[in-house]
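Enquirer: Handing you a structure now.
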Amino acid sequence: MNKVVLFLVLSLSAAILSGCWDQQLLKDVRIIFALGIDVSNKGESRGIVSVLDVKKTESGTKEESETHSVVSKTLRDGRDILNQETSGILAPNKLNVLLLGEKLARQGIYPAMNIYYRDTRTAINARTCIVRGTAQEVVEMNKVGTKLVGEHIYQQLNALEDVTIVPKEFIQTFFPVMLDPGQDMALPYVQKKEDKVFVRGLALFDGDRMIGELNKNESILYLLLQGKKAKTARFTLNAHDTNKPNIADYISIDIKRVKRTFKVMVDEDQKITVHLALQLPVIASEYPLDHLKDKRVVDQLNEKLSNELTQRAKMVIQKFRWSIMIVLAWDGTLLLITRILGSG
């Protein structure tokens, strides 16, 4: 008898629990691959989405991309309006990139990010970029070459991540950092030019507001200063102090690893002194003049490259200090030491 009762209870439980009240059937959703958010001149939210539509043809299936835009008081309101205007529910679970216009970024991105950070359907590996100009003009491109614009930017970011130009950041990883007053944040900074879109470097943030930018070479140094070297990191520098440098004067170096020393000291007068040093063993991947078996030449190059990278690193740090207006006594040391291991 007990076994019969237990069987009935289990059967009833399985019948009740087998359904899911929050399920969304694939036929009812429209997959968002790129999403752009701007702020209008009236301070309203302007959103635009790139949706992939798969259509059946005689030869199989055909993928087409279409865009939908909306102006609304809030992002959630805008999403509801788009859902009403499109055939199906817009789903961000396949989102490649979230693009934020520069005007919005300089006002603060927290309101725009909060809704997607807390949405469990948002793809955890979605990348976020700041757009020089408006996000709308990038999303409206639909395609770059044969690829969807969202896919193109996503793959471009992955490639630049491997060469230490952009950090490995996703919505779920940088959002908590944005709320931490003790940490700096930088996001990829992209630009549309004619029929192409490319990464300019990094957009610098103070909290959730964009305050400046770094070019690609500065971005590499910024990440190295944080000890975040990816698969490769390369610089091409002028190895000689000549007024009219030619191709033979340049050297390309590959950073093999980073040894970082970072100390912050506060004295009795609350004066802050920072000591930051990087040791960078490198390989000379290209140097037309060669002579790298000559110790005297190698020593001269080490000194030249160390001084050059140190000056560049100071300029990167100055961008943060000037933008954020931190009163920081930088009378500690900032030293980047290169050591050529050989030629590649």
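Including glycine, each Cβ sits where the backbone N, Cα and C put it.
Positions annotated as domain 'Spore germination protein N-terminal' by TrEMBL: 22-191. The domain 'Spore germination GerAC-like C-terminal' annotation in TrEMBL covers 201-321. Residues or ranges marked as transmembrane segment by TrEMBL: 320-341.
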Enquirer: Give the mean pLDDT for the domain 'Spore germination protein N-terminal' (22-191) on the 0 to 100 scale.
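Expert: That region's mean pLDDT is 85.
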Enquirer: Please count the residues of the domain 'Spore germination GerAC-like C-terminal' (201-321) that DSSP assigns to helix (H, G, I), strand (E, B) and coil.
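Expert: Tallying H, G and I as helix, E and B as strand, the rest coil: 40 helix, 47 strand, 34 coil.
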